[in-house]
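Chemist: Once you've had a glance at the structure underneath, I'll fire off some questions.
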Amino acid sequence: MTNIRKSHPLVKIINHSFIDLPTPPNISAWWNFGSLLGVCLILQILTGLFLAMHYTPDTMTAFSSVTHICRDVNYGWIIRYLHANGASMFFICLYMHVGRGMYYGSYTFSETWNIGIVLLFTVMATAFMGYVLPWGQMSFWGATVITNLLSAIPYIGADLVEWIWGGFSVDKATLTRFFAFHFILPFIISALAAVHLLFLHETGSNNPSGMVSDSDKIPFHPYYTIKDILGLLVLILTLMLLVLFSPDLLGDPDNYTPANPLSTPPHIKPEWYFLFAYAILRSIPNKLGGVLALVLSILILAIIPALHTSKQRGLMFRPLSQCLFWFLVADLLTLTWIGGQPVEHPFITIGQLASILYFSILLILMPISGIIENRLLKW
């Protein structure tokens with residue numbers, strides 16, 4: 001009799017994706033982050049669902065409903081902090097996943113890579129809208145400042161901002177629609193993730209060497225399921241340490257003050273995972289230029305495949321490009337730090353230099369190093 005996992009129409013799909021999937025034998029722990037992102041997404045949807053049962057998307061009661069969740073709902077505090085810190089873990093895994101794709105040349109799978117970029121934008125939009133929902137000071141002013149950036153678009157900017165706000169300022173209509181979008185987008189992300197996997201399984205996974213491994217594959221289960229469970233345990237341990245010991249470590253104290261349109265916080269800033277892009281935005285004194293730089297800081301990932309000049313796929317055997325890659329990582333950490341600092345000397349200059357370096361590495365230095373390394377191969 002045929003095994004049910006190979007004959008049943010539904011189970012067969014799961015079997016081909018997670019059990020009998022032919023996988024390269026040498027993929028490292030850097031390939032764990034895909035499955036961890038799936039776990040983070042499921043966690044966010046589940047905790048978000050329970051939070052939505054008690055949350056009220058109204059400017060008068062939103063802040064007090066979050067307080068009610070933490071104080072009165074049974075285990076509401078842990079659900080709320082799992083959701084808030086789960087978002088941070090989500091972005092850590094997301095940036096690691098993108099970084100691995102850049103390091104090992106996974107961007108040569110163009111369909112998978114492009115769907116991944118769409119996923120990144122969607123997750124960022126979802127996280128931004130989620131940050132607005134508690135209706136604290138930073139929620140309100142963050143929403144005001146970031147949505148107001150769209151007014152830099154010529155001709156339609158002002159109308160577009162009012163259309164998104166649903167009025168002449170961030171108010172009840174804005175909060176209600178942000179809640180609606182924040183609720184529906186994770187399900188769209190789930191669908192996009194399924195398409196992402198579909199395209200990945202068309203080509204098969206890349207591996208650290210960057211060479212084709214079609215002749216030498218092993219089944220995903222049990223080898224990589226065990227490996228993924230180890231990564232999952234590390235993720236759960238880190239998240240629980242964060243939630244149970246320092247739940248507000250990555251948050252902003254200003255968000256414990258109810259939103260007040262008449263009082264501007266001394267320093268408006270987004271969540272830590274957007275600070276690098278926020279620093280790039282602030283480094284350009286022109287509003288439209290800043291908005292373009294902000295969008296390009298993420299959209300630049302789409303042109304990375306076109307800038308690939310090396311004969312080798314990944315950076316495993318390319319020391320010059322490896323140095324540039326780690327310079328880029330250090331630069332992104334610097335930008336994240338600068339994004340959290342006030343707009344004053346010397347932070348302005350450091351931010352501008354770090355922004356120039358960010359675009360220079362990706363657009364100029366990496367392609368040049370690829371050409372140099374090709375020449376070195378001939379020696």
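Placed from the backbone N, Cα and C atoms, the Cβ positions cover glycine too.
Grabbed the feature section from Swiss-Prot, which reads as follows:
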type	residues	note
TRANSMEM	33-53	transmembrane segment
TRANSMEM	77-98	transmembrane segment
BINDING	His83, His182	heme b b562 binding site
BINDING	His97, His196	heme b b566 binding site
TRANSMEM	113-133	transmembrane segment
TRANSMEM	178-198	transmembrane segment
BINDING	His201	ubiquinone binding site
TRANSMEM	226-246	transmembrane segment
TRANSMEM	288-308	transmembrane segment
TRANSMEM	320-340	transmembrane segment
TRANSMEM	347-367	transmembrane segment
Chemist: Below 8 angstroms Cβ to Cβ, which residues of this chain, lying six or more residues outside the transmembrane segment (226-246), approach it?
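Modeler: Result: 29, 32-33, 35-36, 39-40, 78, 81-82, 85-86, 88-89, 93.
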Chemist: His97, His196, His201: which of these binding-site residues has the sparsest Cβ neighbourhood within 10 Å?
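Modeler: Relative to the other binding-site residues in His97, His196, His201, His201 has the fewest Cβ atoms within 10 Å.
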Chemist: Which residues of the same chain, at least 6 past either end of the transmembrane segment (113-133), have a Cβ under 8 Å from a Cβ in it?
Modeler: 55, 57, 62, 66, 87, 90-91, 94, 98, 101, 106-107, 139-140, 142-143, 146, 174-175, 178-179, 181-182, 185-186, 188-189, 192-193, 195-196, 199, 270-271, 273-274, 298-299, 301-302, 305
Chemist: Hey, how far is His83 (heme b b562 binding site) from His97 (heme b b566 binding site), Cα to Cα, in Å?
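Modeler: His83 (heme b b562 binding site) and His97 (heme b b566 binding site) have their Cα atoms 20 Å apart.
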Chemist: Can you tell me how far the Cα of His201 (ubiquinone binding site) sits from the Cα of His97 (heme b b566 binding site), in Å?
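Modeler: Computed Cα spacing between His201 (ubiquinone binding site) and His97 (heme b b566 binding site) is 17 Å.
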Chemist: Under 8 Å Cβ-Cβ from His182 (heme b b562 binding site), six or more apart in the same chain: what's there?
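Modeler: Listed in sequence order, they are Gly48, Thr126, Met129, Gly130, Leu133.
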Chemist: Using a 10 Å cut-off, grab the number of neighbouring Cβ atoms around the Cβ of His83 (heme b b562 binding site), all chains included.
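Modeler: If we count other Cβ atoms within 10 Å of His83 (heme b b562 binding site), we arrive at 21.
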Chemist: Mind checking which residues of the chain, 6+ beyond the ends of the transmembrane segment (288-308), have their Cβ under 8 Å from one of its Cβ atoms?
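Modeler: Same-chain contacts beyond the ends: 98, 102, 105, 107-108, 110, 113-114, 117, 120-121, 124, 149-150, 152-154, 276-278, 280-282, 355, 358-359, 362-363, 366-367, 370.
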